[in-house]
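Not my notes, these are from TrEMBL:
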- His206: active site, proton acceptor (ACT_SITE)
- Gly37, Ala38, Ala39, Gly40, Gly41, Ile42, Gly43, Asp63, Asn123, Ile146, Ser147, Asn148, Met257: NAD(+) binding site (BINDING)
- Arg110, Arg116, Asn148, Arg182: substrate binding site (BINDING)
- 32-174: domain 'Lactate/malate dehydrogenase N-terminal' (DOMAIN)
- 176-340: domain 'Lactate/malate dehydrogenase C-terminal' (DOMAIN)
Amino acid sequence: MKAALLTSVLRRSTAASTSVRAFTSEAAPERKVAILGAAGGIGQPLSLLMKLNPLVSRLALYDIAGTPGVAADVSHINTRSEVKGYAAEEQLGEALEGSDIVIIPAGVPRKPGMTRDDLFKINAGIVKSLCEAIAKYCPNALVNMISNPVNSTVPIAAEVFKSKGVYDERKLFGVTTLDVVRAKTFYAGKAKVNVADVNVPVIGGHAGITILPLLSQATPKANLSDEDIKALTKRTQDGGTEVVEAKAGKGSATLSMAYAGAVFADACLKGLNGAPDVVECSFVQSTVTELPFFASKVRLGKNGVEEVLGLGPLSDYEQQGLEALKAELKSSIEKGVAFVRSS
């Protein structure tokens, strides 16, 4: 038993070291990643995870305060990327210049009793000003939007970029990866399968009923009851609230969101570097439904979105869920657009 365990560990270790060697500074292109909101609850663990990514050569950490300390801390980690911290608005341009990917977790987190509509009032202005700076300093960067409510902040970003004449629909993403991460975890637990082998597409948006896991397309297949499917769907939709309540007013889903953000940024980096068949779910400009933005599987490449993939066959329950989410998602999208146009 011990010999088998040791062999397994060595095999994983060898594979990991081979993977890292494959992305040494000689082999991998120079890539700069900027994190806006790097000193926050999501930003700090996200900064750590991006420092560990061998595809990143420069890591720019920006926040209104506290970033020099975060940058100093993660800069001591013996991985490829050079880290610099930037604080206050006057350093935002320098943080952004030359960025290939900009990740935005900036804003306030959700607290008990706070709706995503409450979040909108605070975070919309923050996102708007950051996107104006992106349009000026790194208009060709891929933008990964984490700041909630994503259903509105992505349309806000699109309107800002349009107003500045730099909008490229292929380069703006709402990060919905946490919904996928949760759906995979919850499905694996119920189906009693190895979570590492699980895949579950999640479509729609990134709030409440707009989150729709397609459990009929989950792999590996499991014979779940209708009650199980409804319960898993509801838990995926309410995952954020579950964490907010468990933390009893002391925070929201920061660690799992940082992990999900790092997973999606890694996929974007692989796409930029030309890796084949990089597919993730994301909230993007879309013609998959009649809504202008929608989360579904997208193929990533050297220009960002290479292809927005279709929804595939839906169960009757999922089709009902799709129709039920459209009105709320439409309203959230329009709210974001109206915010920029009125200001």
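Note: Cβ is positioned from N, Cα and C throughout, glycine not excepted.
Bear in mind that TrEMBL entries carry predicted annotations, made automatically and left uncurated.
Not measured: the values here are computed from a predicted model.
What's the neighbourhood like for each of these?
The number of other Cβ atoms within 10 Å of the Cβ belonging to Gly43 (NAD(+) binding site), over all protein chains shown, comes to 27.
Across the domain 'Lactate/malate dehydrogenase N-terminal' (32-174), mean pLDDT in this model comes to 95.
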Rounded to a whole number, what is the top Cα to Cα distance in Å among the residues the record ties to NAD(+), namely Gly37, Ala38, Ala39, Gly40, Gly41, Ile42, Gly43, Asp63, Asn123, Ile146, Ser147, Asn148, Met257?
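Farthest Cα pair among residues binding NAD(+): 18 Å.
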What Cα-Cα separation, expressed in whole Å, is found between His206 (active site, proton acceptor) and Arg182 (substrate binding site)?
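Per the Cα atoms, His206 (active site, proton acceptor) and Arg182 (substrate binding site) stand 12 Å apart.
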Please spell out the DSSP helix, strand and coil residue counts for the domain 'Lactate/malate dehydrogenase N-terminal' (32-174).
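Here the numbers are 65 helix, 28 strand, 50 coil.
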